[in-house]
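**Q** Would you mind keeping the following structure in view while I ask a few things?
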Amino acid sequence: MGMVVLWLTAMLPQVKPSPCVATAGTSCSSATSSQLALLYTAFALISIGSGGIRPCSLAFGADQLDNKDNPKNERVLESFFGWYYASSSVAVLIAFTVIVYIQDHLGWKIGFGIPAILMLFAGFLFVLASPLYVKRNVSKSLFTGLAQVVAAAYVNRNLTLPDHHDSRDCYYRLKDSELKAPSEKLRFLNKACAISNREEDLGSDGLALNPWRLCTTDQVEELKALVKVIPVWSTGIMMSINVSQNSFQLLQAKSMDRRLSSDSTFQIPAGSFGMFTIIALISWVVLYDRAILPLASKIRGRPVRVNVKIRMGLGLFISFLAMAVSATVEHYRRKTAISQGLANDANSTVNISAMWLVPQYVLHGLAEALTGIGQTEFFYTEFPKSMSSIAASLFGLGMAVANILASVILNAVKNSSKKGNVSWIEDNINKGHYDYYYWILAILSFVNVIYYVLCSWSYGPTVDQVRNDKVNGMREEEEEVIKILN
């Protein structure tokens with residue numbers, strides 16, 4: 001619906017300002033309030049639709065493959081998250097190249113019409129394949145359940161919790177629940193599901209009379225899972241801040257020699273350098289899934305997986321390296337521009353190849369492939385199935401927070417670095433000191449790596465680690481039995 005409305009703003013003359021070429025002494029008429037309202041409606045519908053598609057499609061796709069009885073289930077999910085992220089990146093690549101080319105050369109009518117037709121086709125395919133999907137029924141509102149845990153824990157704040165060994169029959173749980181008692185972490189929340197008086201708390205059918213005073217063990221564990229991952233989730237915000245600096249990298253590329261060689265006449269568009277980030281991300285997914293892991297498994301003689309927390313930490317460290325490289329390249333570019341007498345001319349081309357920007361783009365792509373995919377997999381595997389869509393949306397929420405914080409950091413640096421009328425952040429990139437700004441982000445990124453190590457340590461083992469430890473323990477016991485029998 002959003003794409004159709006956006007397409008109509010280009011198709012119908014009545015919903016857009018009249019064509020006009022401004023000349024000296026004349027001005028063009030602005031869009032009317034109703035025309036702007038239609039345009040904003042299109043943006044709002046697209047945003048709402050994206051908010052429904054992006055987090056839910058990832059969780060829905062994982063539900064089709066997730067099978068706890070499959071011994072290779074962890075590997076299947078890891079591969080799915082990687083390829084999902086890679087396919088999304090390919091879509092972005094097509095949008096910024098093919099669709100933009102069509103819009104520039106064939107106009108907005110065709111440029112907006114093609115995405116609208118593609119969305120219609122995607123919706124048709126989704127409905128057509130609907131009978132084949134695994135569909136998990138929604139039985140309750142997740143947010144209501146989380147609010148009930150907070151309220152019940154507060155109401156029962158004076159309740160004394162039973163000892164751990166005698167607690168299994170003292171907590172309220174549904175008959176089909178596998179959780180007989182809540183975990184010991186964040187133990188104060190356990191009061192939300194502790195039964196103080198069975199006659200007053202439970203009905204004749206065994207269900208809680210007031211869900212705002214007594215919650216199930218599953219509800220308590222859902223809130224605990226969300227609270228536990230928040231510190232780890234917050235570490236990904238810094239990486240997203242670094243990735244969001246593309247507008248400044250665009251200024252750098254515009255001021256540098258974008259030819260592939262000194263004899264070439266073709267110039268890479270300044271806005272196309274972001275493709276190197278996407279290409280690096282896709283390349284890593286392919287190599288990791290089809291070459292690195294199979295080769296490592298063949299060498300070790302058993303399936304090999306890199307723990308998700310290690311991947312996230314490595315991605316954050318690479319993000320720090322990307323900003324350090326960005327600062328170094330910008331320092332060299334600015335120094336060269338000044339030596340060539342271009343300090344006051346930001347529109348001239350500095351005699352330095354724009355290919356020097358490629359390493360930082362590649363590092364950003366690797367960081368996003370490791371941390372972005374890793375965080376999505378981490379949230380999905382650590383959360384209960386009822387929270388799968390929330391797990392899939394957390395990374396996108398982190399990117400949204402990062403965009404806001406990036407603006408805050410930028411304004412703070414610009415205001416605090418101002419000397420006279422010049423600051424580190426200037427429209428004239430040769431007058432400003434973007435290298436200093438990049439070094440600030442690099443320092444913050446390094447501090448973020450240390451913060452992540454602390455968060456990872458305090459979080460404890462992941463669900464996969466606990467499961468693997470049990471499997472390894474069983475294998476060791478089997479080996480000991482075989483040795484005894486022999």
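Including glycine, each Cβ sits where the backbone N, Cα and C put it.
When I checked TrEMBL for this same protein, it listed these features:
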SIGNAL    1-17  signal peptide
TRANSMEM  40-62  transmembrane segment
TRANSMEM  83-102  transmembrane segment
TRANSMEM  114-134  transmembrane segment
TRANSMEM  266-288  transmembrane segment
TRANSMEM  308-329  transmembrane segment
TRANSMEM  390-413  transmembrane segment
TRANSMEM  436-454  transmembrane segment
**Q** Give the nonlocal contacts of the transmembrane segment (436-454) in its own chain as ranges (CB under 8 Å, at least six residues past its ends).
**A** 232, 235, 238-239, 241-242, 245, 248, 312-313, 316-317, 319-320, 323-324, 326-327, 330, 409-410, 413, 417, 424-425
**Q** Which stretch, 83-102, 114-134, 266-288, 390-413, tops the Cβ pairs under 8 Å count with the transmembrane segment (40-62)?
**A** 390-413
**Q** Could you tell me what the rest of the chain brings near the transmembrane segment (83-102), counting residues at least six beyond its ends with Cβ under 8 Å?
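**A** Counting only partners 6 or more residues beyond its ends, the transmembrane segment (83-102) has Cβ contacts under 8 Å with 58, 61, 110-111, 114-115, 271-272, 274-275, 278-279, 281-282, 285-286, 289, 369, 372-373, 376.
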**Q** Using a Cβ cut-off of under 8 Å, list the residues of the same chain at least 6 residues beyond the transmembrane segment (266-288) that approach it.
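**A** Residues packing against the transmembrane segment (266-288) from afar: 82-83, 85-86, 89-90, 92-93, 96-97, 243, 246, 249-250, 253-254, 258-260, 354, 357-358, 361-366, 368-370, 373.
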